[in-house]
Amino acid sequence: MAVGIFCVAMFCFITLLPHLIWGPGEDALSLTLEQGGVGDSTDYDVQLIMKRKTLCRAGFNDSLAGAECYSPGNTEESGIAPAFLLFLAQFISGIGGSLYYTLGTSYMDDNIKRSKTPALVSVTYFMKMLGPAVGYSLASFFLKVYIAPDLTPSITNTDPRWLGAWWAGWAVLGSLLLFMAFLISMFPQTMPRTIIRRREARARGEQVEQSASSEKASLSDMIDTVKRLLKNKIYMCNTLAAIFYMFGFMPFWMYTPKYIEVQYRVSAARASFFTGSVGLVFSAFGILISGFVITKFKPTARCLAMWNVFVSIIAVCATITYPFLGCNESDMQSRQMVLHKDEVQQACNLNCDCDFVKYSPVCSEDGQTTFISACHAGCRDFAMEDNKKIFTDCSCIPSPIGAAAFQLSEDSIEVSNFSVQDLASNNDSVLTTSTPSSFISNLPQFLGGRAFSGPCPVDCTAMFYSYIALVCLLKFTGASGRTSNFLVSVR
């Protein structure tokens, strides 16, 4: 067990290595005030040119000639070394986790009375679920800190480009696990109280069940045991059910924080907190309560199996409802960010060369439209106001002055019912083949507004809390079947 915990500690430190070796990365450094997108350069003109890369290049003057566009040929491949380290860490973690949980469960079962197994198993699973809750809380704390703590970020932690100090938590956890591995290594093969209990049982002439670890193991014994388990229909069905459940559940739970962050527009730290601290706490209490209920009422094995089936039905029903708990405002803005190859798109940013501009969302000044970048919004310049970057002269965003002065001509009235905002939002249904060409050619004079860094704010609070409530219900009911599933498998 100590070797297993030591392996998990090594997993933490190996996961930390990519940051120590390669650093936070150029994308993260470009979002800091100290390095401004050009590494350690302090040349203002160079910084200006680098920042211009995200703007529309139509009509650039000679002073901006050095701002080359991004292209696939300019991207640098980091190689497979970082990915190899992460895969190696996961491989070692799998070995360590398997050692600890398989041997740990047997060790506990050999050193307690059978009547106390349900309660202690539920406490064990309770702590196992409470651990990730603490881990998610730790992650939430470190994700509020920028990936380079010694630098000052130019964005807030609500910006989708924010990268938190993901690496710091692994150092803390790895150190704690090393300490726990040392403590576990000091445990005896059999607990003293268990030795006394077995000695007293022998004195009373009772048959004592010896620990499997006290018998000499052999390869033939293992093969015979595996064959016997493969012929046990109840055990195999229960195991297969658990495997399929984990195949569906683990990817869902791994991507839940990112889904919450994107769908409901919350920060990475907040998404991690609600996914871990809130959801896993409900799981922990579901395990704890179910263990004590089983201990008190002692239901039959058939009842335990039927409860697992009932829990699975609830999980399926809850999962089906997730797609209906989206956020319409967030979905609408996501649709607006999709590039359209229509007349309006060509009119406002066709010549901007935005194909390889990095994802850097901006919001139109009316707060209604989010663009992939300032280039996609057709912005040709930027200014700083109160330490905030404001993009100006955006050909895809209506100017308040131009919109106020806009008057529909008789020709445009015959075309369709539209507004300047529709034109700036790249609405597919705005222009038709009968739209006057003179109107399209004069379109830029009505546009040329401003944009602000970051996506437009949306209010998804109600749907977000509804989603979290359903997740908590699902976690509570699902966890209540963990203890019964363990007992069916072991007994």
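Easy rule for this one: first residue shown is 1, then count along the chain.
Positions of Cβ are set from backbone N, Cα and C atoms, glycine also.
Whatever TrEMBL says is automated annotation, not expert-curated.
Pulled from TrEMBL:
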- 5-22: transmembrane segment (TRANSMEM)
- 80-104: transmembrane segment (TRANSMEM)
- 125-147: transmembrane segment (TRANSMEM)
- 167-188: transmembrane segment (TRANSMEM)
- 234-253: transmembrane segment (TRANSMEM)
- 273-294: transmembrane segment (TRANSMEM)
- 306-325: transmembrane segment (TRANSMEM)
- 342-398: domain 'Kazal-like' (DOMAIN)
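Across 5-22, 80-104, 167-188, 306-325, the stretch most heavily in contact with the transmembrane segment (125-147), judged by Cβ pairs under 8 Å, is 167-188. Sequence-distant contacts of the transmembrane segment (306-325), counting only residues of its own chain at least 6 positions beyond either end whose CB sits under 8 Å from a CB of the stretch, comprise 241, 245, 252, 299, 463, 466-467, 470, 473-474, 477-478, 480-481, 484-485, 488. In this chain, the transmembrane segment (80-104) lies apart from the transmembrane segment (167-188): fewer than three C-beta pairs between them fall below 8 angstroms, excluding pairs fewer than 6 positions apart.
For the transmembrane segment (5-22), the list of distant contacts is 78, 82, 85-86, 88-90, 92-93, 95-97, 99-100, 147, 166-167, 170-171, 173-175, 177-178, 180-181, 184: same-chain residues at least six beyond its ends, Cβ to Cβ under 8 Å. According to DSSP, the secondary structure content of the domain 'Kazal-like' (342-398) in residues is 10 helix, 23 strand, 24 coil.
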